[in-house]
């Protein structure tokens, strides 16, 4: 991508020295901007003049080539233009913290010949500083931001256009106050899953857009505050709906719940390897998110097939599931935080397990339950009276010594989260135990901090 430098005006000599220059790049399919530092090689002094002294000079530098000075490209006004053949029109901004930015322009729909192009509008007089991030509130019905790509990176079709998809339900005429003037993502029908758009992919009429919430964006910070009941799933308490928004239900392709898991990334879930013994094929499973009941009949439900299964290579009881497409992060679906590498949770720390598992007649079957209990250091857990040396370094124990609180079969693969620095951190993956909620037999969990490097590497390379 060309490097743009802000140069002096009218007739001043300019020398490009060997220095670091800050430029802006486009980040993946989410249409967000990132800041990158690049090295600029020494270049001979150049004498540059700009026709309009009120605008900065734009210099395009291409590696191994002479500098191309693109004048005569209708740069006499402050309209969006593309003088250097970049991927989209752009302009210098009036925001002192943002040197230049792409313009959000609607793609012209295909129309019969003879139609006239709309004339450029006069520049806006709005001097308000642009928002630092694009985000939505609630289900995004009031969203009026610029995002105009789907979760898969496909450009949105203009709401007024009828190609490639004909439609009559949602147009600027039928919904005049819904912000349908361009091709940006909108939620004119109040869809619970958030903003969407018709797509320019002929094989996909419409799809959702990935737009973050304006509040509660960070991992491990649920919008609905959990009860944090210090009890147990076997005899524990029913959770507030959607108070553990990273909890997933791992199911057979026919819909039977058999294990839990934790959302750690919009497209990745962590679970236990032993949950995947029935089949090594991703097509054998699906993941449900945003549900509180095992029946999963809530309108907030999101369902994803699996694209890939990655088991921990050294045989530990932890595995990663790549979803076929990213989930929509909202107030009911949100990732948990990962711990620091090799972090050891102090003995006595209060942590929580969640799941739809066996309650052994104590009530709450069919709804998500929670239980809180303390971490037990491995030295104690491996005593003969407890688990007698069975717990490995990459595992951890948690539970009440007197019994009555533990996680059970249906909760395998589910999260053990601990509250730290105002957020919930995934410290354990429910793995195994001797019996269920038995005295002096605490539950055993894969210690997530031992696998952080593997998790990061797997996500980056897949």
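Just so you know, glycine gets a Cβ as well, placed from its N, Cα and C.
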(request) Name the residue range among 75-110, 111-146, 147-182, 183-218 that TrEMBL annotates as region 'Disordered'. (result) 111-146
(message) Return the count of C-beta atoms lying within 10 angstroms of the C-beta of residue 80 (disulfide bond), excluding that atom itself.
(response) 15
(request) Starting from the Cβ of residue 103 (disulfide bond), draw a 10 Å sphere and report how many other Cβ atoms land inside it. (result) 13
